[in-house]
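**Student:** Encoded as structure tokens, here's the structure I'll be asking about.
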Amino acid sequence: MKVTVIGSGYVGLVTGTCLAEYGNDVVCLDLDPEKIALLQNGGVPIYEPGLEEMIKRNVEAGRLRFTTDVAESVAHGTIQFIAVGTPPDEDGSADLKYVTAAARNIGKYMSDYKVIVDKSTVPVGTADKVQQALLSELTLRDKHISFSVVSNPEFLKEGAAVEDFMRPDRIVIGVADETAKDLMATLYAPFVRNHDRILYMDVRSAELTKYAANAMLATRISFMNELANLAEVMGADIEEVRKGIGSDPRIGFHFLYPGVGYGGSCFPKDVQALQRTAQENGIELRVLDAVERANSAQKTVLVNKILRRMGEDLTGVHFAIWGLAFKPNTDDMREAPSRVIIQELLKRGATVTAYDPVAMHEAERVMSGWKGLTFSQNPKAALEGANALIIVTEWKAFRSPDFGEMKSLLKQALVFDGRNLYDPKRMQKEGFEYFPIGREQG
Ligand SMILES: NC(=O)c1ccc[n+]([C@@H]2O[C@H](COP(=O)([O-])OP(=O)(O)OC[C@H]3O[C@@H](n4cnc5c(N)ncnc54)[C@H](O)[C@@H]3O)[C@@H](O)[C@H]2O)c1
């Protein structure tokens, strides 16, 4: 099938590439000329496991190409995915200007039937706005061309995006007419060959499903973080509690890890946008208010532990930080807790040397000019001469370090672990003062 993907970021690029992998003829559009030039020259603007090789394979096979040319991209696909950003507006609602601009562009150039698929995370009612944007452009051109607007929210996880797209647990399709439904069914058939995982529903339910999923996951995280803070003062171990509740099939083990708060490009903005939608409609989502408050407090839990141990004035204190990305296997720094933690330390006069396996380039960009912050090309060098190590992201490579070497490189054997990577008893034996989350310090 001929497919156009509008927006070549984390979602658009993965969507386009995975659709090409199953033989579709895909054009990815972006208005950022640098991004498209990089892709056209064989580069990949984001880090996502498996993506680079898959892009290369499909470009070489002639099934995937990149352009900034709107007219060409509209002419190409019968199916036009909108996968542009939906950042928070000043009031927390989702800013739909990129989505409506993309829709208008389709209306400006289309000459035959199109299925417009909202893949971006968009509030309930956006499909209607997309439809209106297209219709107004067609009216300006005095054209009567039929089209369908479909909601197909994306559930991929950064860091496992290709795997999630190729083997989805479900594909949610909000669709109102049979022609569009048949086209979507054909497009997704190869992804659900062993058993059908496509859930068809009305458009509004599909739009709400995406927010409901992210809000539920954010709720689990904030719940565990608050419980971790309680466990710690009560002398309980949140890791034992986690196993104790996770083994209940009604609860399950996923997303029960306490830490330094959720970040990333989705949970913070989607929780806010859902609250905003509710407010606009006179409904209070009290649980989500608490989820958000708990999360912003959690971002400073590790800093508070540091201040209690090392004092409020950190002048002359040097920290090593392991992990900058908001989670492992991605270079995404949007809303990463590391940003808050580093800022809080620098503000109090500390200096920081940070290391991340893949997000360093992106971190250097978003933290450029932060006085007192330097980056290290490897995790060991970051430890040299530091008064303490702070672990912010749970990369696999940090799980089994050589503790002897770690101790010899650090000035003080002090570890503040925002991800509970180590066993407190072992740390005690190795001679560290160890501060995890939600368990007694080792
Ligand atoms: N990142 C994730 O893990 C994830 C997962 C599920 C859903 N989503 C949702 O998917 C959407 C996209 O997220 P992302 O992380 O891929 O964003 P992103 O910022 O990485 O990419 C968006 C891209 O769209 C481009 N763009 C903006 N307006 C355009 C236009 N009119 N025409 C063509 N290109 C345009 C931008 O230049 C940018 O490259 C958001 O709504 C997000 O909430 C993201």
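Note that Cβ sites are derived from N, Cα and C of the backbone, with glycine treated the same way.
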**Student:** Using only what TrEMBL says about NAD(+) binding by Asp30, Lys35, Thr121, Glu158, Lys269, Arg334, identify which of Thr86, Thr186, Thr300, Thr374 is listed for that site too.
**Tutor:** Thr86
**Student:** Among Lys114, Lys210, Lys371, find me the residue TrEMBL lists at the same substrate site as Phe155, Leu156, Lys157, Glu158, Phe255, Leu256, Tyr257, Pro258, Gly259, Gly263, Lys327.
**Tutor:** Lys210
**Student:** Select, from Thr86, Thr121, Lys210, Cys266, each of the recorded positions with a Cβ positioned under 6 A from at least one atom of ligand 1; if none does, say none.
**Tutor:** Thr86, Thr121, Cys266
**Student:** What counts of helix, strand and coil residues does DSSP assign across the domain 'UDP-glucose/GDP-mannose dehydrogenase C-terminal' (320-424)?
**Tutor:** 34 helix, 19 strand, 52 coil
**Student:** Please identify, among the binding-site residues Asp30, Lys35, Thr86, Glu158, the one with the smallest Cα-Cα distance to Pro258 (substrate binding site).
**Tutor:** Glu158
**Student:** Gly263 (substrate binding site): which of the binding-site residues Thr86, Thr121, Glu158, Lys269, Arg334 is the nearest Cα neighbour?
**Tutor:** Arg334
**Student:** List every residue in the same chain as Leu256 (substrate binding site), at least 6 positions away in sequence, whose Cβ is under 8 Å from its Cβ.
**Tutor:** Arg220, Met224, Arg242, Ile245, Gly246
